[in-house]
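Single-structure report; data block below.
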Amino acid sequence: MSGAALAVVVVVVFFLALYLLQRYGDLWKQQRLVLFGTLLSWYLCFLIVFILPLDVSMAVYNQCNSNITNTTTATPTNPSSRSEANLSPFPSMSPPGKCEEPWTYIPNDTLEVFWRVVYWTSQFLTWLLLPFMQSYARSGAFSVVGKIKTALIENALYYGSYLLIFIALLIYVAVQLKWKLTLADLQTIGITAANTWGLFLLVLLLGYGLVEIPRSYWLSSSHNYVLSKSYFKVAKMATEKAEADEKLADVIEEVAGIHASVRQNHFLRKYVDIILTKCPTKYQEEMGINVEISRVDQNAPPTKRVLVKLHEKVVSAVQRHNQTQVQWSILLEQAFHLEDVAKSQNSSLRHFTHSFPLAHRGWIRRFIYTPTVEWFWECVLRQGVCRLLAVLLWLLSAAVIWSECTFFSTHPVLSLFAVFIQLAEKWYNYHCIEMVCFVGILFMCVCVYSTVFRIRFFNYYYLVPHHQTDAYSLLFSGMLFCRLTPPLCLNFLGMIHMDSAISHKNRVQTSYTSIMGSMQLLSFISDGFYIYYPMLVLLLCFATYYNLGPRCLNLLGFHQYITDDDLISDLVDEGRELIKRERRKRQRAEDGENRRWAWRERYGVNGATGRNRAGYIELKDNQKEPVTKIKKSVVTFTRRNEKADEQQTGLLQEDSSDDESPNRRSTAGSYLTLSPPVKGVFDDV
């Protein structure tokens with residue numbers, strides 16, 4: 001099977017990366033270069049993780065061949081030596097006359113070339129290409145040349161300072177320590193610096209994931225906890241949705257002012273038209289109508305720099321507005337489903353009932369995942385499965401934490417992963433070696449990568465599923481993956497004592513370790529930082545367990561879900577009321593649709609009367625077909641100064657009302673009323 005295992009892994013990992021990109025990005029609307037850069041960075045990082053266990057089994061096979069080559073005599077015949085061998089905790093099995101090849105055998109030359117291509121391509125992406133593409137995608141310039149110029153200036157300022165500091169430190173070290181640095185030494189120093197930076201961030205993310213992932217599965221077994229957290233998310237998202245709507249309205253107001261001030265024959269008009277194309281369609285129509293009556297008291301035409309910044313603001317505001325709309329709809333569906341689960345648990349019928357019929361019922365729900373099967377899963381099996389999975393993940397987390405704190409000890413061997421690998425190596429069990437390596441490094445990667453997918457830096461970096469992640473966040477995630485994966489693999493090789501720089505063993509190295517070079521050149525890093533810094537993961541696990549991070553964020557005003565906080569309880573109550581209101585709105589809409597359907601079935605299409613969410617349907621005496629009258633509400637943007645009031649009027653669809661109180665608050669944060677709206681300029685349009 002020479003090369004067959006490598007080919008299978010390469011294909012499977014590609015489709016895994018493509019699936020994740022399709023889930024978080026938009027394959028049809030986003031720029032092709034952004035999608036290609038993100039896909040390539042994720043793909044290379046996943047390849048490193050999946051190929052490393054095969055490299056470890058090949059290192060064991062090469063060590064077996066080395067032992068046969070170097071051993072000219074059989075096992076010692078000295079009785080004392082034989083007794084000492086029998087007392088060994090790992091009874092060694094004498095190497096056979098010919099070592100058996102692992103079932104995933106890959107030639108050494110192929111592995112070395114593969115690692116060099118993958119590693120250096122990922123480093124080129126993370127340090128040069130992806131930062132440039134980030135600046136290019138975020139730029140508000142109107143031409144390709146302008147975007148490239150902006151990206152070059154930003155990256156030159158950022159990386160130029162780092163390059164100057166690195167050269168100054170290199171000259172100082174070479175002069176003071178009188179090193180004779182070669183090209184290979186410079187390459188090793190560069191690799192070590194990149195791995196040190198990645199290890200610093202790796203331990204922070206790993207400490208959070210080792211605790212949060214098992215705890216999240218354990219808490220998800222409690223339906224009350226999941227429902228309360230869903231209410232909290234709804235209340236928080238309602239605030240974010242209102243802020244996104246207000247920001248978009250402010251930006252559209254600014255665009256409307258510039259749209260009115262720049263005439264059709266102005267040389268900047270083509271840039272204004274580009275900005276208008278990025279605005280939502282309803283605002284484009286609105287500004288097209290209003291521009292004819294807003295020629296009074298025009299402001300001076302803007303400069304091109306102002307239009308570039310406005311273009312960037314429009315793209316960001318529209319993207320954030322779309323994200324909040326999609327997330328709001330998803331949270332509503334999740335909350336409705338959780339409330340349906342609570343009702344089904346208290347019901348005597350073993351049949352899951354949805355409050356609202358599903359829009360799409362595929363063949364899986366019709367024949368396999370039936371309402372009865374769904375009831376057994378949601379109400380009976382799910383809690384036990386989640387707790388069992390949480391216990392298994394807790395055991396893996398404990399093994400990783402113990403191994404991170406003890407892998408420096410080689411006599412005796414305390415790292416659990418090193419014990420398992422050495423025990424399997426004694427019997428040349430390649431399947432066991434690869435399985436232990438795969439489970440260990442995959443779990444560590446899930447802990448780190450899931451934290452990357454969860455963290456949020458305000459609105460600059462935020463991975464949103466359902467195709468709502470912007471280009472900047474996608475590229476930034478690719479940068480993080482490429483910087484975190486190499487030190488993660490080196491850290492795992494140190495845990496299983498396959499890295500001679502840490503274990504100080506004279507044995508055959510993996511092909512991955514060989515391309516990293518000898519870190520003995522920087523002994524204070526290989527013998528100090530790489531060994532003792534990972535122990536900090538224990539403190540980070542304690543901090544995550546006691547929610548020190550979320551408590552600090554709550555003090556700063558960034559609300560996080562904590563069960564013993566009064567403010568969080570108020571947000572949960574607010575979210576519950578929002579869900580009740582949305583449920584009533586949806587129920588009224590469905591009841592109205594059912595009544596209209598009943599009228600159509602009884603009297604035919606021509607006799608249908610009633611009201612839908614958009615307006616009224618009436619049938620005049622002298623008309624054979626119904627006429628739909630759409631009620632519109634008027635939203636005005638007013639800017640006042642000392643001389644005159646400039647008013648811009650926009651038409652927006654009327655929100656469905658609540659019949660319980662005359663004044664009530666909508667999801668966007670504005671207050672609705674049952675009183676008739678003030679007559680506006682365009683009421684008759």
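Every residue, even glycine, has its Cβ placed from backbone N, Cα and C.
Quick caveat, the model's predicted, so the values are computed rather than measured.
What TrEMBL says about this protein:
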TRANSMEM  6-21  transmembrane segment
TRANSMEM  33-52  transmembrane segment
COMPBIAS  71-83  compositional bias 'Low complexity'
REGION    71-95  region 'Disordered'
TRANSMEM  117-136  transmembrane segment
TRANSMEM  156-177  transmembrane segment
TRANSMEM  189-211  transmembrane segment
TRANSMEM  385-402  transmembrane segment
TRANSMEM  436-455  transmembrane segment
TRANSMEM  475-496  transmembrane segment
TRANSMEM  531-548  transmembrane segment
REGION    642-685  region 'Disordered'
COMPBIAS  664-673  compositional bias 'Polar residues'
Beyond the flanks of the transmembrane segment (475-496) by at least 6 residues, Cβ under 8 Å: 34, 37-38, 40-42, 44-45, 48-49, 52, 56, 119, 122-123, 125-126, 130-131, 133-134, 137, 194-199, 201-202, 205, 403-404, 407, 415, 417-418, 421, 436-437, 440-441, 444-445, 448-449, 452-453, 461, 463, 502-503, 510, 512-513, 516, 530-531, 534
Range from 117-136, 189-211, 385-402, 531-548 with the greatest count of C-beta pairs under 8 A to the transmembrane segment (33-52): 117-136
Among the ranges 385-402, 436-455, 531-548, the one whose Cβ pairs under 8 Å to the transmembrane segment (189-211) are most numerous: 531-548
